[in-house]
Amino acid sequence: MSDCSALFAPLQQGLARLEQERLRRRHRVVDSATGRFALVEGRQLLNFCANDYLGLATAPALAGAAQVALSRYGSGSGASHLVCGHLRPHQTLAERLAQFLGLPAALTFATGYLANLAVPTALLGRGDAVFADRLNHASLNDGCLLSRADFVRYPHNDLDALARRLEASSARVRLIAVDAVFSMDGDLAPLDRLLALAERYDAWLYLDDAHGFGVLGQGRGSLAHWGIASPRIIYMATLGKAAGSAGAVVAGDPVLIEWLQNRARSYIYTTAAPPAVAATTLAALDLIEADSWRREQLRQHIERLRSGLAGTCYRLMDSTTPIQPILLPDNATALALAEALFERGLWVAAIRPPTVPTPRLRITLSAAHEAADIDRLLEALKDLQ
Ligand code: PMP
């Protein structure tokens, strides 16, 4: 066998460096559903890491819909959408999502990552420009970079800085790309003012609503929350978070959607999601519409956590969403606090660079939690301060 050590040495050194900086990542295997609880290493933990904001990932109606679709349509879709993988549940879901969002047309994707690759690459090329908030999700940044357009970033939610960059641009096609709810800070982008800028500079406005869909605007997401509409808005939401399923939707003008269907490589060149996943999402939409109590429960939990931490040494951010990060001075402190909570049966993710600029505990709340769960977390945090 030939010597491969020259190939592996830089990887081993890189991993050692990550270890030293407390940045090496490992999986924890979960032996149960990830709902209110998660079974990890033989221990039942209260789960404050999931993006299952409405508690739908463990709702029996979703699993039931998946089982019915599995027996009817089989496990795999068999091909990409444009070959023979576009089954009835995919079509019904796209139509239902468009209607639910109040937008004329929609296209579903196997994951949010793929949707974020699709839109910038299908709309932009060399000589064009994309304007992106510094705290946008990594998948959106990847899509912007892959498009080969000028990648112009502006400081978080600084719309004066964005306006200056738009003013200075002579790009042919301009796209403003933002997270509607920032995934690691939990705050909102000011969509009304962003739309005004998009109109003034004749740009597309692309919104990643991964964390707003199902939660804001009576479940219809950030467009409903802000009460805005325009053909230049391209709306994206992921379906693996509040919807408790998997995949993503891009919705907007029918011409745009048909263009994506014809031009978006991450739509065309990948196997369509299993039809049972589309059926699961359809069942989720029923509950997102019908169960407003889930959002009310969530609102109460957010308030309970925030008022419970007021007056402690913990620094919360300006977030009204189920994403409630606590900023910490360094990676070691973030890890130690997450570890101490884990020992007490509470699972909270420590998020470190490069995912975020500042280390933090990212607490996520869910309608699946009970008030007593929030109290347990508060007690442990106060004990550890
Ligand atoms: N956008 C945002 C803001 C996200 O938080 C995520 C998921 N972490 C994605 C896109 C990617 O979605 P998916 O997990 O469906 O690939």
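Our numbering is plain: 1 for the first residue shown, then up by one each step along the chain.
Including glycine, each Cβ sits where the backbone N, Cα and C put it.
All TrEMBL annotations are machine predictions without curation.
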### Query
Looking at TrEMBL, G112, Y113, S183, T238 are annotated for pyridoxal 5'-phosphate. Which of H81, H156, H211, H301 sits in that same site?
H211
### Task
For the substrate site, TrEMBL lists R25, T355; sort out which one of H90, H137 goes with them.
H137
### Query
When the Cα of S183 (pyridoxal 5'-phosphate binding site) is compared with the Cα of each of the recorded positions R25, H137, K241, T355, which one is closest?
H137
### Task
Going by Cα-Cα distance, pick out whichever of the recorded positions R25, H137, K241, T355 is nearest to H211 (pyridoxal 5'-phosphate binding site).
K241
### Query
If you check the binding-site residues R25, G112, Y113, S183, T238, T355 one by one, which have a CB less than 6 Å away from any atom of ligand 1?
G112, Y113, S183, T238
### Query
Given the binding-site residues R25, G112, which one's Cβ is surrounded by the fewest other Cβ atoms within 10 Å?
R25
### Task
With a 10 Å radius around each C-beta, find which of these binding-site residues (S183, T238, T355) has the fewest other C-beta atoms nearby.
T355
